[in-house]
Amino acid sequence: MKRVLSGIQPSGEIHIGNYLGAIKQWVAIGEKLGRDAFFCIVDYHALTNPLAYDPSTLAQRTFEAALVNIAAGLDPEKVTLFVQSHVPEHTELSWVFTTLTPLGDLTRMTQFKDKASKQETVWSGLLMYPVLQAADILIYKADTVPVGEDQVQHIELTREIARRFNHLFGETFPEPQALLNPEAPRVPGIDGKAKMSKSLGNTIGLLEPEESIWQKIQHLPDDPQRIRLSDPGDPERTILFTYLSYFAPKDLVEALKEEYRKAGVGTYVVKRILFDHLMEALRPIRERAEALKKDPDYVMDALLEGAKRARAVAQATMEEVREKVGLLLPRKRPVLR
């Protein structure tokens, strides 16, 4: 692992699923790789999600995504943190890749088929999403991409695009590997039925007001077979203990599970313990976020500096790509025949 690229969409409030599934891993990678760790807030990708995209809030959400990532421990002075649209070479390379990607490769993408089936009108941006994602990765010649399991197919397409370009125009891009974090949990939503997702509205935000978080925890589904307080419960039939395992010491979780099985502890008590441990875990992040809100120039300056560093790499890649695909380069006289 020499260079990493990963991205997060600014399509809503950053939630504990984002934190546990991606941001904690980003922080660890950043400590190891420094400026070769490229972390991108992919605002162009957000345009492809009609359920979450709102032009009146996109800029604010992009800023907040940066703020929360910094508050969660990502050091912009060590890593390369930037906004996708601040580096126009992403979309330029994406167009080149579009000309090399068969339509069938895109229509076979599981995410495309799933999302398209839920939309009355399927926009071409949704279809081309993985091509832009490939450009995001390959513009920096990243060899490693931290992703969730749902993105592995897109990384395989990225590898295929890199192979095709290299075959046609000469060795240019590495074939990046997906980095799956076995310790990253697939955090369920507060409805207990699906992965925590902004688009499904089943999240707990990192910066959400305490009162709102407590209300959500109070309404977390209990073991449906535990009707009375005196009934024994099965901790595997409620997400209460799943959440608790993320934030509380293991011995405490196991002790509470045992009491729950023999009706020795009520659901309200478990929820209160979960709330206390969750807020304790989030407190440092929330405090740093409040400090950053009072100094927005720090966040903006960090993003501008990150884009400057990222663009230096991206421009070098595009100069190489333009020459290899045969474009007439500025200030370079063609050979007349």
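In case you wondered, yes, glycine gets a Cβ from its N, Cα and C as well.
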Where TrEMBL places motif ''KMSKS' region' among the ranges 195-199, 220-224, 230-234, 330-334: 195-199
Segment assigned the feature motif ''HIGH' region' in TrEMBL (from 10-18, 208-216, 316-324): 10-18
Intrachain residues whose Cβ lies under 8 Å of the motif ''HIGH' region' (10-18), provided they are six or more past its termini: 41-43, 46, 49, 52-53, 58, 61-62, 64-65, 68-69, 187, 189, 195-199, 203-208, 246, 278, 282
Residues from the same chain, set at least six apart from the ends of the motif ''KMSKS' region' (195-199), whose C-beta lies under 8 A from its own: 11-13, 15-17, 49, 51-52, 186-189
Distance, D136 (L-tryptophan binding site) to E149 (ATP binding site) (CA atoms, angstrom): 18
Same-chain residues at least 6 apart in sequence whose Cβ lies under 8 Å from D136 (L-tryptophan binding site): L5, G7, C40, V42, Q84, H90
Neighbour count (Cβ, 10 Å) for K198 (ATP binding site): 21
Proximal but sequence-remote residues of the same chain as S11 (ATP binding site) (Cβ under 8 Å, at least 6 apart): A46, N49, A52, Y53, R61, K198, S199
